[in-house]
Amino acid sequence: MTAGTHENPARETARARPTPGAAPHSEGPARPPGEGEGVPVAVHRKTLLGTVVATALTVVGGVAVTPAASAAPPGASPTYTVTVGAKGTWNNPDDTPAASYIDKDGTFYYQQSHSLYGATASRQWNFFTGGDFDTATRSSAISDAADPADPQDSNNDTTKRCNNSPTGKEATFPPAGSGYSQRNFCDLAGVWVDPDTGDWYGLVHNEFTPQPFGDGIHYDAIDFAVSTNQGRTWTIKNHVITSPYSTVRGDENAFPQQTYYYGDGDPRLFVDTASGYFYVYYGSRVVEKGGTWKAFQAHVARAPISSKMAPGSWHKWYDGSWSQPGVGGKESNMVPVGAGSTTGYTPPAKEYDPKNSGTVSRQVAAGTMPPTSPLFVMDITYDAYLGLYIGEPQAVNQDGSEPQHYYATRDLSTQKWFPIGDTGSGYTTASWYRWFLDGANRTSSAIVGKTFRSYCSFGCSEGSSSEYVDVTIGSSSPAAPVKAGRTYRIASGDGRSLAQAAHGSATTSRARATGSGLDAWTFTPDGDGSYRIANAATGGLLGVDATTTAGRAWGARPTVTAAPPGGPSVGQQWFVIPSTPAGKGATRTYRLVNRYSGLVIGLSSHAGRLAETTPVRSWTDTSGSSVGGARTAAEQTLTLTPRPAPHGHGHGHGHGHRGGHGHGAGSRAGR
């Protein structure tokens with residue numbers, strides 16, 4: 001969310017650009033002046049919202065980049081290339097990244113918010129729906145919905161909702177004459193749909209208790225909210241991630257020196273298929289009293305998805321472990337692994353301490369506070385081609401001259417992010433609100449292929465306020481979770497095997513192997529991180545109908561059909577996601593994620609759902625809801641056991657092979 005300037009925090013009429021050379025500010029397109037770095041140039045918000053750069057452009061960003069030995073993942077030193085393709089049109093920038101998700105009936109949505117500071121300014125949680133990101137339009141049915149019991153609490157005016165939330169009730173109003181009109185401003189920023197009930201859960205970014213030390217800033221905190229009616233009404237439940245320090249107005253005991261701690265905000269939610277955790281990347285800032293923010297720190301917290309965002313389930317990453325509670329716990333500042341750090345975080349002795357005297361610059365120079373982190377407000381995704389999680393943070397240099405940097409890690413449990421390259425001088429950006437989108441399905445930010453869309457709202461390239469660019473990250477050692485052309489038995493944790501039905505294109509599951517080949521499957525890479533999975537007996541491809549919303553509805557049954565003439569449809573492409581580490585006697589397990597729906601294969605003995613596609617879960621549903629249906633994690637936790645292919649069918653991948661790319665044109669055949 002954007003923070004206001006010292007003189008004019010209300011932003012209903014203007015959005016400001018940072019002065020060249022200004023420190024990064026993420027959720028703050030308006031940088032408070034008066035710090036010797038110039039006053040931002042005001043740009044009318046209405047103009048920005050209507051201006052989109054859609055010029056076709058192709059540049060190559062940098063050459064192959066080899067991380068330093070200390071920055072490379074253990075036991076490997078691959079090289080990476082980052083290539084930027086054409087710019088595309090994005091018409092709806094707002095004050096948060098656009099968070100995409102698919103509802104239980106297969107309907108695609110994305111959500112974004114703003115909460116401006118002026119008395120009559122706009123404060124809205126907006127929802128868009130359609131076939132995919134390119135066709136989605138604003139849903140007035142949800143975006144304009146109000147609580148029937150309290151019509152003042154509505155998605156198109158969240159003023160009352162924010163002021164009466166858990167954070168709002170603890171907040172205090174600003175001094176008289178302030179441009180901040182409320183005690184709390186809140187944005188919905190990231191939505192997850194509960195597989196047990198279909199309820200919508202979201203993180204809420206709060207900006208509260210404005211101008212706590214006579215400055216132009218405020219505190220930040222993160223709550224969570226729940227909607228039981230598909231987003232029409234929301235209840236903000238409780239805090240989940242809050243400052244390790246006081247957020248009381250003018251608390252000189254907590255902040256006895258020249259600075260104070262802004263708190264925790266700007267969440268970037270990631271739902272991890274492999275581990276069963278929510279990960280939230282968020283930021284904090286150090287503010288000089290009576291002045292402005294000066295240093296920007298990057299943090300991460302996680303919680304088991306099974307806990308459904310409950311406050312006590314969150315733990316912050318601190319000093320190399322998930323040891324601190326989300327509410328009030330200590331938090332490590334994250335930094336890239338490389339020449340400057342072997343751990344990926346600032347040592348505790350060098351973290352910010354409000355008892356230390358001096359300005360921010362003096363404390364940074366003295367080594368008692370870290371400088372701005374290159375990982376500040378990083379959004380992440382899983383890149384199936386690389387077999388790595390990748391992230392794209394905000395630029396440290398906010399004058400627009402910095403390339404977009406990319407970082408990667410193999411394991412989110414250890415948070416060691418190493419550089420894999422950048423976009424080079426041909427594509428530079430301040431990069432305020434970023435998110436990934438898979439270019440084949442155009443609905444998911446959770447898993448992407450070799451080429452993906454990198455979206456930007458505000459602070460984009462060449463002064464643009466909204467755009468996306470196609471980015472391709474190549475590797476000298478791409479991931480190979482299965483052996484190309486090998487045939488496997490696909491079995492659940494309950495021992496049931498996926499099979500094509502004896503007659504027709506339907507799929508089923510069987511309690512034991514048949515030896516007919518109908519329960520054997522051949523995996524062939526598409527060259528972009530996805531796989532086609534062919535039945536060894538018939539040669540048909542496993543998939544769902546990518547021409548209808550029903551194909552991505554929960555419980556959609558996979559079928560086995562021929563590929564279209566242009567190659568496998570996006571519904572016939574699968575991401576093979578390892579879900580447990582190999583070694584130490586463990587049997588590696590996987591989830592098979594359909595690229596069109598984002599759902600995974602589930603196998604059970606229940607009639608009516610012997611084989612289905614269903615949301616990722618790492619727990620057993622005990623809600624009693626018909627939505628969850630008592631489904632278990634074992635149903636979708638799969639083992640892949642090599643099997644010989646039946647004679648005459650071999651690899652079974654002759655249906656529309658596309659030369660091993662499959663990440664762009666033709667991947668949505670028949671859609």
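Note that Cβ sites are derived from N, Cα and C of the backbone, with glycine treated the same way.
Feature list (source: TrEMBL):
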- 1-39: region 'Disordered' (REGION)
- 16-29: compositional bias 'Low complexity' (COMPBIAS)
- 143-154: compositional bias 'Low complexity' (COMPBIAS)
- 143-176: region 'Disordered' (REGION)
- 155-167: compositional bias 'Polar residues' (COMPBIAS)
- 339-362: region 'Disordered' (REGION)
- 520-619: domain 'Ricin B lectin' (DOMAIN)
- 640-671: region 'Disordered' (REGION)
- 646-661: compositional bias 'Basic residues' (COMPBIAS)
- 662-671: compositional bias 'Gly residues' (COMPBIAS)
The domain 'Ricin B lectin' (520-619) [mean pLDDT, rounded to integer]: 95
Residue distribution over DSSP helix, strand and coil in the compositional bias 'Low complexity' (143-154): 1 helix, 7 strand, 4 coil
The domain 'Ricin B lectin' (520-619) - residue tally per DSSP class, helix then strand then coil: 7 helix, 36 strand, 57 coil
Residues of the region 'Disordered' (339-362) by DSSP state, where helix covers H, G and I: 6 helix, 2 strand, 16 coil
